[in-house]
Amino acid sequence: LLSLSRSISQSSTDSYSSAASYTDSSDDETSPRDKQQKNSKGNADFCIKNIKQADFGRREIEIAEQEMPALMALRKRAQGEKPLAGAKIVGCTHITAQTAVLMETLSALGAQCRWAACNIYSTQNEVAAALAEGGFSVFAWKGESEDDFWWCIDRCVNVEGWQPNMILDDGGDLTHWIYKKYPNMFKKIKGIVEESVTGVHRLYQLSKAGKLCVPAMNVNDSVTKQKFDNLYCCRESILDGLKRTTDVMFGGKQVVVCGYGEVGKGCSAALKAMGSIVYVTEIDPICALQACMDGFRLVKLNEVIRQVDIVITCTGNKNVVVREYMDRMKNGCIVCNMGHSNTEIDVASLRTPELTWERVRSQVDHVIWPDGKRIVLLAEGRLLNLSCSTVPTFVLSITATTQALALIELYNAPEGRYKQDVYLLPKKMGMIALCCLSSIKRSVLCNKPSI
């Protein structure tokens, strides 16, 4: 009876979570790299879990379209002009229904696209199947290994008779791979669009070292990305991710949020509203002051690490929560990451002989110490919301539109407008993205010269 209840619990969890993609158990164990698949038109230039899931993925994309008015408006208004005609875009982002709407919009605007996933756990297999069926060259599946991850990126980039002239990146791994393996490609690449704090940091490092070969657009620090995606998206999805993975009750729980940027602000506000006692760690004095003014207690991590029930990283930095802190956590402490990079939690330090790993359910592991103490690690330290749940489609509509506008700007910019440096997205473009949301918002925002 106990094993039956566990089986029912596991199956209900997987079916309830849209991040746990529809799967065919008969071929679950076979690596997509070992399969020969073709879509209905005979095209085989893709590598996904199961092309038979395409119909399911198409339905999810159609649902996403309804909640992405900005991107759909851009597609409708610009597809006649084809501002991306001749663009060959190689992308490395989360492959979800929302990304699919972006990819199909770029295609409608004239671009050719090849795509890989920036996170090994966030791919929706059925959406990848729908894209492959639609003729896109997609190389991604949920649960890739590290080797699979780099193999998929290489398959996107290294193809005979096709060379990218634009990069859309999320985290900087695609840019890093081209720079490392195919540096000559940058001779034909017109620009890079990067949407994450981790990727932007890597671009600034290249620029500082004089190694950035092309102009790059920093979408992460645009007003639309910071104030909408990072803040409001995370404010809703942090609760969703924690609930789906742990069934935890938030009221009365002591939580420490590491970092009080826009992501940290969203997470802290959501948990406070649910009755949690929220502590904040922050090294930036302005963000720290904001945390105090918002009513949160500012602490050092080592002051509260023994007593908190949940630890959430939101910094985009590395080694924020190291082994020393995890050794001192109390039994049952939940540890997760909401920043892009998977290096904020030092997961590698937990893979030692004296610690036992126990898989509880999808994306949930118990890490057990010799004395029996255990912590609950979510998504192996990777991005919680996109690995374990979903994110609000409406908010992503604004970010995706901003990315599309950045690609159009860099691709069509006259020679000399942008040098080999990192540029902030012009605020005007962010306002255009907002103006695309609906006719009501266009009348409110676009007719006011002060905006």
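Cβ coordinates come from backbone N, Cα and C, glycine included.
Automatic, uncurated: that is what TrEMBL annotation is.
Computed from a predicted structure; not experimentally measured.
Positions annotated as substrate binding site by TrEMBL: Thr96, Asp170, Glu195, Lys225, Asp229. The NAD(+) binding site annotation in TrEMBL covers Gly261, Glu262, Val263, Gly264, Lys265, Gly266, Glu282, Asn385. Look at TrEMBL and you will find 1-24 tagged as compositional bias 'Low complexity'. Residues annotated as region 'Disordered' in TrEMBL: 1-42.
Here the features listed in TrEMBL are placed on the structure.
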residue : record                 : Cβ contacts under 8 Å, 6 or more apart
Thr96   : substrate binding site : Ala64, Ser122, Thr123, Gln124, Val127, Leu386, Thr390, Val391
Asp170  : substrate binding site : Cys92, Thr93, His94, Cys118, Glu194, Glu195, Ser196, Gly199, His340
Lys225  : substrate binding site : Glu195, Val219, Ile398, Thr399, Thr402
Gly261  : NAD(+) binding site    : Val197, Asn230, Asp284, Cys287, Cys314, Thr315, Gly316
Gly264  : NAD(+) binding site    : Val257, Cys258, Val280, Glu282, Cys287, Cys314, Thr315, Met338
Lys265  : NAD(+) binding site    : Leu231, Arg235, Gln290, Asp294
Gly266  : NAD(+) binding site    : Asn230, Leu231, Tyr232, Cys233, Cys234, Arg235, Glu236, Ile238
Asn385  : NAD(+) binding site    : Cys233, Cys234, Ser237, Ile238, Asp240, Gly241, Met338, Val391
- Could you state the whole-number distance in Å separating the C-alpha atoms of Glu262 (NAD(+) binding site) and Asp229 (substrate binding site)? 9
- Item | Residue among binding-site residues Glu195, Asp229, Glu282 with least C-beta crowding, 10 angstrom cut-off | Glu282
- Message: By the count of other Cβ atoms within 10 Å, pick out the sparsest of the binding-site residues Glu262, Val263.
- Response: Glu262
- Message: Taking only the residues the record lists as binding NAD(+), namely Gly261, Glu262, Val263, Gly264, Lys265, Gly266, Glu282, Asn385, what is the largest Cα to Cα distance between any two of them, in Å to the nearest whole number?
- Response: 22
- For Val263 (NAD(+) binding site) and Asp229 (substrate binding site), the CA-to-CA distance in whole Å is 9
- Please state how far apart, in Å and to a whole number, the two most distant Cα atoms are among Thr96, Asp170, Glu195, Lys225, Asp229, the recorded substrate-binding residues. 18
